[in-house]
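In what follows, a structure is listed as structure tokens, so that the remarks can point back to it.
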Amino acid sequence: MADLLGSILSSMEKPPSLGDQETRRKAREQAARLKKLQEQEKQQKVEFRKRMEKEVSDFIQDSGQIKKKFQPMNKIERSILHDVVEVAGLTSFSFGEDDDCRYVMIFKKEFAPSDEELDSYRRGEEWDPQKAEEKRKLKELAQRQEEEAAQQGPVVVSPASDYKDKYSHLIGKGAAKDAAHMLQANKTYGCVPVANKRDTRSIEEAMNEIRAKKRLRQSGEELPPTS
């Protein structure tokens, strides 16, 4: 009987020591503080949402505003604001590289931003509609000029005409025209006039002969044969 009673007493939980009591007390206090912080955070979210709902409502009623930029917010606040804007039937975007500096802009549906405007905000620049319109016009002008140049095709230069114009002030228009015809007829063999591929005269010799023929036509003399 004594052994049975001793076994029962030894199996019973011993009373907590002073150290265990202190640990449990701190755990209860920490749990209470955590619960209080959670309640405060929840209340702050509720108040923040009410404040955003009022600002969005004022924005909608103000006919002079088409967009509104908010101060930088943390991720949770931005999420709440996006939700409020969506419920109100508006459009919203977040901009900014660093998370601490990101902000929200809201737009009325009928004044939704273009891709160019959004790109400007993403680059951290202010949107200037006038500059954007000027840039668009310059781009369209450059495109039209390219299309017109493509339709006209490459410029074709006439070698005979160029030769005639180049030497007309030296040997006269008639002689220059004759030289141009000679070069054009013999272009298969190069730029030097050729007679059955045996004429090895230079351009200057050919021009001298043309001058001589011109003088003879004017004076009525007869041109001596050339070797």
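Positions of Cβ are set from backbone N, Cα and C atoms, glycine also.
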>> Where Swiss-Prot marks phosphoserine, which residue is it, choosing among Ser79, Ser161, Ser168, Ser202?
In response: Ser202
> Pick from Ser11, Ser63, Ser114: which does Swiss-Prot describe as phosphoserine?
Replying inline: Ser114
